[in-house]
Amino acid sequence: MALFSLLLAIMIERLKLLPQAWQLETLLALYAKSFFGRKQLTNDLMMAIALILPAIAVQVLAWFVAGMFWGLLSLGLWVGVSILCFSHLKQRQVFKQYIQAACRGDAQACYHFADELDPYVSLNAVSEQDLGEKVGQTVAWLNYRFYGAVALYLIFFGPAGAVLYCTVRYFSDDAKSRGADLPLVDTALMLLDWLPSRLIALGYVLSGHFSLAFSRWRQQALCWRCPARDVISEVALAAETVEFNSPTPICVQSTISLLQLSKRNFILLVIGLSLLTIFGVVV
């Protein structure tokens, strides 16, 4: 069920069939506005409830529909939650605009869209080549946040696990966008990201240049306080050698190379899930 849900959700997400009104971020924003106010979320208890309530609701629903109609309702729940959790239409649109700007040689637009990809981190690129490298690292990080981490929580903890991760991620991004300080959120996200980021980074090691990437992974993975973004971005960069003789614009050469690496890493994850399914470790 996990494998089928994962593949179907990725296919639908790539086809951009989910409108903006049904994107998970939109639904979570409506959830936070309807059930909690900004003042309430400054309280530790209310923040904890806001973080775990969607996951609890999904888990209760999963228990309720288990076995009904030969398992079709459970399958529908898995697929529906997977589609919602993998949705990130806004980031895909910004990345497309960045590539289009690079192809038409608009360097100023490239810098603008690069900053929009991850507005919570300043790229500070000093050249087009440096910009391409840093955008590539950002793409690797976004692939982790919206694909890799979600997939791991879906595989090992089911739909409720994926919803929990996405809910914490949403509140973290929302707090950063408003300049607010929400209790528990950063700590919860750090804990949720710690192991998955190191597992996905290990996938980059196996998908790219092993010797260079493994040395970097060993330095980053064994450090408890090393941020998940640094683990992902630095290991991904070490795993891939960029071909600068490519006819593509300079500011996207590194980006495309790291995007291809991220795709190979996700294929490796799907292969691993297939093996776990064959041996009955996951269903």
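Glycine too: its Cβ is placed from the backbone N, Cα and C atoms.
Per TrEMBL, the features are:
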TRANSMEM  45-65  transmembrane segment
TRANSMEM  72-89  transmembrane segment
TRANSMEM  146-168  transmembrane segment
TRANSMEM  266-282  transmembrane segment
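Ranking 72-89, 146-168, 266-282 by CB pairs under 8 A with the transmembrane segment (45-65) puts 146-168 at the top. Residues 2-3, 6-7, 143, 147-148, 151-152, 155-156, 200, 203, 206-207 of the same chain sit 6 or more residues outside the transmembrane segment (266-282) yet have a Cβ under 8 Å from a Cβ within it.
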